[in-house]
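Database features, via Swiss-Prot:
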type	residues	note
ACT_SITE	LYS274	active site
ACT_SITE	ARG348	active site
BINDING	LYS262, ASP267, ASP285, GLU346	Mn(2+) 2 binding site
BINDING	ASP267, ASP344, GLU346	Mn(2+) 1 binding site
Amino acid sequence: MINVSFLGLMSGISVLLKTTVIVVGIFEGSNHLEDNGALEGYNDKIMEIVNGYQSFDGKFAEVLPIIGLEKDFPVVVVIGLGKSEDFDENKALKVGGVIYSELNRMKIPDASIVINTDSNVSANIGYGALLRSFKFDKYFVEKKDKNSVYLNKLVLFSKSEPQEVTALFNDLKAEGESIFLARSFVSEPPNILYPETYAQMIYEELSKVGVTVEVFDEDYMKANQMMALLGVGQGSAKKSRLVVMKWNGGDESESPIAFVGKGVTFDTGGISLKPSKGMWDMKYDMAGSASVVGIMRTLAARKAKVNAVGVVGLVENSVDGNAQRPSDVVISMSGQTIEVLNTDAEGRLVLADALWYTQEMFTPKLMVDLATLTGAVVVALGNNQYAGLFSNDDAIANQLIVAGNESGEKLWRLPLDEAYDKLIDSSIADMQNISTKGYGADSITAAQFLQRFVNGVPWVHLDIAGMAWDYEGTEICPKGATGFGVRLLNRFVSKYYESH
């Protein structure tokens, strides 16, 4: 993780000259740098060079390196900030990520950033660089050049007091460290991360920051009649686990907010076997659980004044002679029976018991579940654009949508309606786990299924199948696991539910 620190702009050019590279911003169409006088004496010369490049006009994320401004003067990298009226927290985050990527590509060890912004924007520039610096490279025997980390230190010069910016950044850093943990968990191969080992990893990592963690085995789940969850894992040599995480930062009388995550550490599809092509991606079918771990760690690390509980069901959906069969009927913890017609629609079975368990044990004020639940949501909303949101509560749904827009982790609401219920009615059980009546609406019927295991509690289901993994990378996330949901939920909690 890159080291990020902050100084005041009045520190001046003498401090800047000690760095390898100076990064300075410019708004689109502007005739001056956003340096607030820190580069006094050099501004005109830099602008003369900038104006000489017709291809550079300060559009968002454009980069122009200037070498040899003067003898022994640092390399200057000018970065476009786009239109000034559009430059906000999310744009700042992306600028920080672009700066990190460009400087690391140039093999620069350290740099200073001079952008005339307020404390919140400055902190987010640093945070964007931090988020983009994630590397999952533990299994390389020799680091290839493209996987090497060169940029280790960034100093941001802000017009705000350094202490103020640092305090804001430290809260963001706590969130970022949790996102890194979530990304790392999702990136782990399934021979390393499976229910037993994953549960132990969660215990070790979250105990460090003050989260109370309990790990429950299959005997405990059998005693609680969690047969929908256990049925998914019965074809695997890996034993299923239920992990409960608790953070009590609010008033003792306050009911907790609950986060529930699907943790299928590898999904073969079971007897309803997936095609071999692309099955390697199914290690990320536990991304919802990783996001729950991430938000619980974030709340504890920044000492959030809220009570929260996280519950994740951990299973491996594999195939052996004892594997669940299409047409099996299981009894869920709620007492409702489920005809399992497709063993590859397993995530909803895990969540059915996890949701019911959470309500019964903790009486939460609201529940949010996260799951890579359906491929259909990717068909509807695409990759890395929006997660699907389903809810029985308009107010909480709207709060999450606002938090998504503010954090950049956007949500699109899809319908729940009793008209879809008939699609999952079974002829021999209370319900079936897929629709066999026509085609389409698979994400909706999955959410409609989950709603049958919500007993009067305000609830939101987030289908993050299109958001958990990025095949190309973004300004703030390299190719691979995204840690989607941690920033969204942290904003949601801090904006609407935390005591300030």
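Just so you know, glycine gets a Cβ as well, placed from its N, Cα and C.
Swiss-Prot feature annotations superimposed on the structure.
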| residue | record | DSSP class |
| --- | --- | --- |
| LYS262 | Mn(2+) 2 binding site | strand |
| ASP267 | Mn(2+) 2 binding site | strand |
| LYS274 | active site | coil |
| ASP285 | Mn(2+) 2 binding site | helix |
| ASP344 | Mn(2+) 1 binding site | coil |
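Comparing Cβ neighbour counts within 10 Å across the binding-site residues ASP285, ASP344, GLU346, the minimum falls on ASP344. Taking only the Cα positions, the spacing between ASP344 (Mn(2+) 1 binding site) and LYS274 (active site) is 8 angstrom. The separation of ARG348 (active site) from LYS262 (Mn(2+) 2 binding site), Cα to Cα, is 8 Å. Long-range neighbours of ARG348 (active site) (same chain, six or more residues apart, CB within less than 8 Å of its CB): ALA371, LEU373, ASN433, ALA446, PHE449, LEU450. Surrounding the centroid of the Cβ atoms of ASP267, ASP344, GLU346, where the record places Mn(2+) 1, the chain contributes additional residues within 8 Å, namely VAL232, VAL264, THR268, GLY269, GLY270, SER272, LYS274, MET282, ASP285, ASN317, THR343, ALA345, GLY347.
Cβ neighbour count within 10 Å across all protein chains ranks LYS262 highest among the recorded positions LYS262, LYS274. Those residues of the chain, other than LYS262, ASP267, ASP285, GLU346, with a C-beta within 8 angstroms of the mean position of the Mn(2+) 2 site C-beta atoms are VAL232, GLY263, VAL264, MET282, MET286, VAL315, ASN317, GLY347, VAL350, ALA371, THR372. All protein chains considered, the CB of ASP267 (Mn(2+) 2 binding site) has 26 other CB atoms within 10 Å. The binding-site residues close to LYS274 (active site), defined as a CA atom within 10 A of its CA, are ASP267 out of ASP267, ASP285, GLU346.
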